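> This is the structure I have questions about; it appears just below.
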């Protein structure tokens, strides 16, 4: 399993760094208030994409690896056809969302529609490349999209700074990536295949749309009740964290989830692989969470600006933990219901999470400001992960946890202790020096700790390779 990570990890790390640069470009040329408006538009687009197409991609990921050649062809042609048909109501939904929030203009509507269509096509194609194990094409597509999003955004915003320009820039970067990912796909409707897709995917569509809206409900509330400037600060933190932490999780899930799906019909083999998956997932994502929280203040100063620290860096930490819990749920805990085909319970979990989020936002926003929104999303995400796990356990799925889980926690604890001591000893470093020093110390301490504990038998593997040479 560990060897599979290197198929996609380098390009995902690069994509993560590019995301920092993209947000830095956008916040440089847009005011905090304008970035808040851009964030609201992106909330609509992500919610609509989750309902119109993302559930089809998730269904494809679940069934494609174990299907035969004929079934694979039917899955691809049917999901493509469904994506094309659902794009029509998706465009209508964009119009309604923009109009409701007084953001509608012809330019914003056209640019938003273009971005939605390009992103739907890009994500579908890039995920299909991964499923077909076309690694080179996948890497090229992701690299071009990451680089072009920065270059096009910088050039166009430099000449025509504005929200519409920012949206069009992202649409163009997705479009250019499609030329690399281009393959002929048949758009054909297979009724039997579609029935299977609907039975598995419909609950995911409903819950996905609810989660997409619920996880961004805070920004809509802040915009309506506090102001667009606060929305801009909150969204800049949230977007940065969602992009980076999600990409760290995807470094593991992209190559390893198809391996899990192939074992879905063998319970004992699946549980063993799922435990190994958890070990790797936790070993990579937990130190990343701690690291990004430790370097958060210099990170914001460099990639955003001092202006984005007016609400305090503690907001960044709260959102970081919330985003981590959200990703841990969808990249690990949700697997329990997926593998026992109980996805019909996802909408119930999503509804309860959204209800909790809504109530907390309603009662805390006026008293705690943006911190009320941060705590609301953290609590609702935590409730979502607990409910999903309880339902999966009730229906017989077992989440196995081994000794490696504890070794990772101990290694991360040592890393955090050393980084805190470093912060106390060198409190006034230049931002970029602070970041580089923290990364070097953190990676070194964590690596030495993991080797000392022989987590996931890393030390044994390295010794065998040395002896073999």
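Including glycine, each Cβ sits where the backbone N, Cα and C put it.
Just so you know, TrEMBL annotations are computer predictions that nobody has curated.
Annotations per TrEMBL:
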{"type": "TRANSMEM", "residues": "37-63", "note": "transmembrane segment"}
{"type": "TRANSMEM", "residues": "103-122", "note": "transmembrane segment"}
{"type": "TRANSMEM", "residues": "142-160", "note": "transmembrane segment"}
{"type": "TRANSMEM", "residues": "166-185", "note": "transmembrane segment"}
{"type": "TRANSMEM", "residues": "197-217", "note": "transmembrane segment"}
{"type": "TRANSMEM", "residues": "237-257", "note": "transmembrane segment"}
{"type": "TRANSMEM", "residues": "277-295", "note": "transmembrane segment"}
{"type": "TRANSMEM", "residues": "315-333", "note": "transmembrane segment"}
{"type": "TRANSMEM", "residues": "345-365", "note": "transmembrane segment"}
{"type": "TRANSMEM", "residues": "371-393", "note": "transmembrane segment"}
{"type": "TRANSMEM", "residues": "405-421", "note": "transmembrane segment"}
{"type": "TRANSMEM", "residues": "433-455", "note": "transmembrane segment"}
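Are these features on the surface or tucked inside, and what are their neighbours?
Only residues 6 or more beyond the boundaries of the transmembrane segment (37-63), in the same chain, are considered here, and those with a CB under 8 A from a CB of the stretch are 26, 30, 71, 75-76, 79, 82-83, 86-87, 89-90, 93-94, 97-98, 101, 103, 108, 112, 115-116, 119-120, 123-124, 127-128, 131, 163, 166-167, 196-197, 200-202, 204-205, 208-209, 211-213, 216, 219-220, 223, 228, 231-232, 235-236, 239, 257-258, 261, 264, 338.
Beyond the ends of the transmembrane segment (103-122), by six or more residues, the same chain brings 37, 40-41, 44-45, 48-49, 52-53, 83, 87, 90-91, 94-95, 141, 145, 163-164, 167-168, 170-172, 174-175, 177-178, 181 to within a C-beta distance below 8 angstroms of the stretch.
Panel annotation: around the transmembrane segment (166-185), residues 26, 29-30, 38, 41, 76-77, 80, 108, 111-112, 114-115, 118-119, 121-122, 125-126, 128-129, 137, 140-142, 144-145, 148-149, 152-153, 156-157 of the same chain, lying at least six beyond its termini, place a Cβ under 8 Å from a Cβ of the stretch.
Listed by sequence, the residues of this chain that lie at least six past the ends of the transmembrane segment (315-333) yet keep a Cβ under 8 A from its Cβ atoms are 215, 233-234, 237-238, 241-242, 245-246, 249-250, 252-253, 277-278, 281, 285, 289, 292-293, 296, 300, 370-371, 374-375, 377-378, 381-382, 384-385, 388-389, 392, 399.
Long-range contacts of the transmembrane segment (371-393) within its own chain (CB-CB distance under 8 A, at least 6 residues past either end) are made by residues 211, 214-215, 217-219, 221-222, 234, 311, 314-315, 318-319, 321-322, 325-326, 328-329, 333-334, 336-337, 340, 342, 345-346, 349-350, 352-354, 356-357, 360-361, 364-365, 399.
The list of residues near the transmembrane segment (433-455) in space but at least 6 beyond its ends in sequence, with Cβ under 8 angstroms from a Cβ of it, reads 279, 283, 287, 290-291, 294-295, 298-299, 302, 404, 407-408, 410-412, 414-415, 418-419, 422, 426, 462.
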> Hey, does the transmembrane segment (405-421) touch the transmembrane segment (277-295), meaning at least 3 C-beta pairs closer than 8 angstroms, sequence gap 6 or more?
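Since 3 or more Cβ pairs under 8 Å link them, the transmembrane segment (277-295) and the transmembrane segment (405-421) do come into contact.
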> The transmembrane segment (345-365): which same-chain residues, six or more beyond its ends, come within Cβ distance under 8 Å?
203-204, 206-208, 210-211, 213-214, 217-218, 221-222, 225-226, 334, 337, 372-373, 375-377, 379-381, 383-384, 387-388, 391
> Could you tell me what the rest of the chain brings near the transmembrane segment (142-160), counting residues at least six beyond its ends with Cβ under 8 Å?
11-12, 14-15, 18-19, 21-22, 25-26, 28-30, 122, 126, 166, 168-170, 172-174, 176-177, 180
